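One structure is given below, encoded as structure tokens.
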Amino acid sequence: MEAASPAGPSAPRPPAQAAEGAPARLLRRVRGALFTWNILKTIALGQMLSLCICGTAITSQYLAEKFKVNTPMLQSFINYCLLFLIYTVMLAFRSGNDNLLCILKKKWWKYILLGLADVEANYLIVRAYQYTTLTSVQLLDCFGIPVLMALSWFILYARYRVIHFIAVAVCLLGVGTMVGADILAGREDNSGSDVLIGDILVLLGASLYAVSNVCEEYIVKKLSRQEFLGMVGLFGTIISGIQLLIVEYKDIASIHWDWKIALLFVAFALCMFCLYSFMPLVIKVTSATSVNLGILTADLYSLFFGLFLFGYKFSGLYILSFAVIMLGFILYCSTPTRTAEPAESSVPPPVASIGIDNLGLKLEENLPETHSVAL
């Protein structure tokens, strides 16, 4: 009788090979869960938004430090005007119930509140820098993430898992590392006149950002991206224009305009317009919470540019904080949240059970056959 082949199904594996195979299989599973193509795409989209925020921060700081121009409301007003000229006009030429007039008749007061929250969130965060330190703004601005998660729980019916809370804690740990690097580098020395007022402004601004982002997620997933941007452009232009005349008319009158200042205003407006235009696209396939976790790296990008433009001191802790934030972001995106909301009749049952967070990415990854139908 011939001997059985070692490669046959009945041949036992050597103990050393079995011991080496278990960690390897575990590593492959972890890598397959955390580093899928769709998660990498989510990371890329989030960092694109971070670069847009970095552009607005760099141009604003350059205007303030080099040209002594501090007009945050004027800069926001230009952005809202661009949104109005493009997206509000698009709504005006629509037909049916998606027309601008029909939307205003049904929901005008809701969009006034949304526009007010968005405008004041931008204004309060920028104004807080005049009263408190950079460190306080960076730390307290993270207050918007738990507020956003709480609002998503009650308004969007998101149901989080333990991994999501761990991921948020990891991201906040990364922010703490970044703040520690700022302290060691001496970037926290520019204290304002009243730290308490500045801290309160940051908390209010972060809370209003959370309100605006939750409303944005609801509108872009239930209605349309054009409706959100068109309504924000319309009422943002009106509200910021009125506030501009009240609080910044003297600052605007004192600007000594030249081509450099005009170019910085244009660069800020383009970065802000790209941020507003692309964020609904990212939120539609992820969620407002995951987007806010992803853009925590914006301050780090601003720092890297500041090394060359403003002479910042570099610290290895910045690289560590970036890695920690990205780790938390990947952990958050690796597992979709559940939803307590009843399934839509137009969405197939397997899709509805996935949850609203990272819905688009999970559809692409797990349900290719229902992708076109669901989205």
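Every residue, even glycine, has its Cβ placed from backbone N, Cα and C.
As given in TrEMBL:
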type     : residues : note
TRANSMEM : 35-64    : transmembrane segment
TRANSMEM : 76-96    : transmembrane segment
TRANSMEM : 108-126  : transmembrane segment
TRANSMEM : 138-158  : transmembrane segment
TRANSMEM : 165-184  : transmembrane segment
TRANSMEM : 196-216  : transmembrane segment
TRANSMEM : 228-247  : transmembrane segment
TRANSMEM : 259-279  : transmembrane segment
TRANSMEM : 291-310  : transmembrane segment
TRANSMEM : 316-333  : transmembrane segment
For the transmembrane segment (291-310), distant same-chain residues with Cβ under 8 A (at least six beyond the ends): 42-43, 45-47, 49-51, 53-54, 57-58, 61-62, 65, 138, 142, 144-145, 148, 167-168, 171, 174-175, 178, 213, 279, 282-283, 318, 321-322, 325-326, 328-329, 332
Stretch-level contact, the transmembrane segment (76-96) and the transmembrane segment (259-279), CB cutoff 8 A, at least 3 pairs: yes
Residues of the parent chain within Cβ reach of the transmembrane segment (108-126), under 8 Å, 6 or more residues beyond its termini: 60, 72-73, 76, 80, 137, 141, 201-202, 204-206, 208-209, 211-212, 215, 231-232, 234-236, 238-240, 243
Chain residues outside the transmembrane segment (138-158) and at least six past its termini with a C-beta under 8 angstroms from it: 125, 168, 171-172, 175-176, 178-179, 182, 199, 202-203, 205-207, 209-211, 213-214, 217-218, 287-289, 292-293, 296, 299, 337-341, 355-357
